[in-house]
Every structure is written in structure tokens, then in C-alpha cells.
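Below: the structure, in C-alpha cells.
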Amino acid sequence: MIDIKLIRENPDLIKGDLIKRGELEKLRWIDEILELDKKWRENLKEINNLRRERNKLAIEIGKRKKSGEAIDELIKKSDNIAKRIEEIEKENNIIREKIDYYLWRLPNITHESVPIGKDDTENVPIRFWGKARVWEGHLETFLEQSQGKMKYETITWKPELHADLLPKIGGADLERAAKVSGARFFYLLNELVILDLSLIRFALDKLIEKGFIPVIPPYMVRKYVEEGVTSFGDFEDVIYKIEGEDLYLIPTSEHPLAGMHSNEILDGHNLPILYAGVSPCFRKEAGTAGKDTKGIFRVHQFHKVEQFVYARPEESWEWHEKLLQNAEEIFQALEIPYRIVNICTGDLGYAAAKKYDIEAWMSAQGKFREVVSCSNCTEWQARRLNIRFRDKPNEKPRFVHTLNSTAIATSRAIVAIIENFQEEDGTVKIPKALWPYTGFKEILPVDKREKCCQS
């Protein structure tokens, strides 16, 4: 939520940012907010004047009572003032509701470094890491996507898509999952179960080393939390509601972690607060019909380790870079080649002031795909959830800044491992960093092994 004081003092800044985001239909909202706010403040001034007048009448009534003078006329006048105050307060409540309607639906103000663009095609790659394995048939598109800034080795055989390789390594059963639950669900099997759990523990260990507190949050939250952390459009497109309950399945542990300190005033000396959330994530994936219909890349349910930070406003941009660095270190340790993308205004989402994505190179698909999202939401979520801090007991509280970033989303990391570490015979090598966690170094095709998890 945006501070109405900022709209009041600098409406052109807000309008300019809405134009950058392509939210042109909301420009008139700013003018309406200003008109409503002006009327609200005029009413408030009148209420205060009427209260002062009524207080004077109360004093006069007291004096006349003592002297035995008539007070009926003064009491009548006082009652009329009280009624007028009540009328204006009701009007102001209606005005406040209208203002809040707009404020709750305005996006965050973007950082000056966010590129202006209409959609994901105008996101800007800013950094590349690793050495990609590139099938010769994908070389031209790879060079275009990597801008010639990434190391690579060419392979002559075409890697299999993860969806095609999954049954060959006994990694998942999507057909039976579709029978039981519908599309975009999966049974994870054999080594991939161990790999999934290993990725969680690996990422968690990395974050614990950096001072993050591990948290398994509630998997359902109340509506006020969802309204506080995300845009209203997500209620239709992303979030599952529990029928008959004021509860929603979490699409990411970011949401319960943001709600964890709602309506609290934090001790500034304890900032930053660093949480590493571990949870399943549940997403409708509405609006993605036809996209990634095979395999486990875009699914309704998956596991994720999430970084979440409550920071001082003056430190939040530094923490944004640190969260990105943490995620990069995880993918570098896994030896998965990637690029960093600065998300443009048209693809940013309402909550974030700036967002980076890490996109892993998918050798079989021949393109980069999102595996990490790293956002600074500044005070947008904190205002909605009323999360403040102060350094001294009598100090006026300030809103914290909230930040979040994927550490690892296991299903997408598994896809990246399968596509980048497969051999021509269908064997999938395990990144060395995971060997102490998995207990095996490769996943053999089903027809080449006797049992699961052979080391």
C-alpha cells in the first residue's frame, strides 16, 4: 500500500510510475483520491471545530447550572452539534472506505533501476554465470539469449526433455497423478524423492550458515494475510481457498512469514530479521493454459525454501542484493548455468518495487527458464499488514521493509538438473554438492539398475 501522504505531496510521481507500469486506467484514481482526501480533511477540520464549540458549551452549561440560569437552549444547541458531528463522521467513514479501496489496489512504486517494458519479453538480462551444455541445434538461439557473454560447450546429441526422461529413470508418475488429482500434479518416485529432500536440506544449510532462522510455517493463512501480501488479482489466478473457512492454501511461505509479525511493533535493534521458510506451495496456475503442460516445471504443488527478510528501510536495497547473492551461490554450488534478469515494469507484479529472476539454462529445451524470483517489496506489504519498528520506547514507529527470494524451488531445480546433467544413455548425474545429502552420485535408467538409489 502506498502512503497517502506521498500521493498528497507528490501525485505526479505516482502518476508517472503508473504510466511506467502501463496502468493507465488507474491515473484517474490519483485525482479521485486527492479530491476525496481534501474533503476528508475539510470534514475533519469541521469536526474539530464543532468539538471545541461543544466543549465551550459544556463549560457554559456548567456555569449556568451553578447560578440557576436556564440551560435548555444551550443543551439543545449542544445536541444539534453532536448530531452534526455524527453526520460528518459517517460521511468521513464512507470517504475513507473509498480512499482505501483505491490505496489497496495501487501497485508499489518502482525503483529507478527497473527497466520500462510492457511484458516479460522486455526484461533485461544483466549477468550470466556458468558453462552451458548446448545442443548444436540450439546454438544459434543460445548465442542470442546469452548475448555472447556465456561460456558453453557444444554437444552433438540432443538431450531429452525432462518430461520424456522422467519415466525412463522411474522418477515420476504423471498419468496416475492426473487420474487421482487432475492435470499439473505428479507422484515423485525413487531417487527424485531423495533428490527433492536433499535440495531442501542443502539450501536450508546454506541459509542457516548465513544467520537465517529456519521456519516451517502454517500451510494455510487467513484472508487478511493474503490481502496484505499480494494483489487482489492473485485470489482468482493463483490462490486456492478452503471452502467455508477463512483460510487459503499458501502459494509460497513468503505469505505466512510476512503475516508472522502483522500488527506488531518490532524492536529496531533486532532488525534485520532473517527467516528461511520451508513449505509446500499450492498454486492454481490459472491463465497458463497450454504452458508447460508436460512434466513437473509448472505444477499445482511443489516444495520450496524461501528467504524472507524484515529490514530497515535504509538497508533494504543492500539486502535485496544479498538475497540474490544467496540464491546465486546455491545454483553455482549446484553447477547449474544461469542468467540474472532485471524484471521490467510490465512484468513486475504489484507488490515489488524491484525484482530479479534467476533463469537456469535448460539444455533440452534450449532456453533459459525462471528458477528464482527475488523481490524488494519496500513498505508495500508492511503498510497493509501494519508491521512497524522503533529503536526507543517513546519513538514514533516506522514501517519496515519486507523482502523475499526463492532459495530453491525443488521441482524446477530437479528439471534443471535432469536437463543439464543427463548423459546420452539417459543417466542423470547428481551435482557434487548434493552427494553428501543424496548418498548416490547418479540416477540410472530403470533398465540399467536393480534397485532405487544405487550409489
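Glycine too: its Cβ is placed from the backbone N, Cα and C atoms.
Per Swiss-Prot, the feature L-serine binding site maps to THR252, SER253, GLU254, GLU306, THR406; the stated evidence is sequence analysis. Counting every protein chain shown, the Cβ of GLU254 (L-serine binding site) has 30 other Cβ atoms within 10 Å.
Swiss-Prot lists ARG283, LYS284, GLU285, VAL299, GLU370, VAL371, VAL372, SER373 with the feature ATP binding site. Sequence-distant neighbours of VAL372 (ATP binding site) (same chain, 6+ apart, CB under 8 A from its CB) are ALA327, PHE331, TYR356, ASP357, ILE358, SER405, THR406, ALA407, ALA409.
When the Cα of ARG283 (ATP binding site) is compared against those of the binding-site residues THR252, SER253, GLU254, GLU306, the shortest separation belongs to THR252.
For VAL299 (ATP binding site), the nearest neighbour among the binding-site residues THR252, SER253, GLU254, GLU306, judged by Cα separation, is THR252.
Look at GLU254 (L-serine binding site): DSSP puts it in a helix. Look at GLU285 (ATP binding site): DSSP puts it in coil.
Distances between the Cα of GLU306 (L-serine binding site) and those of the binding-site residues LYS284, GLU285, GLU370, VAL371, SER373 are shortest for SER373. Following the DSSP three-state reduction, the secondary structure of VAL299 (ATP binding site) is coil.
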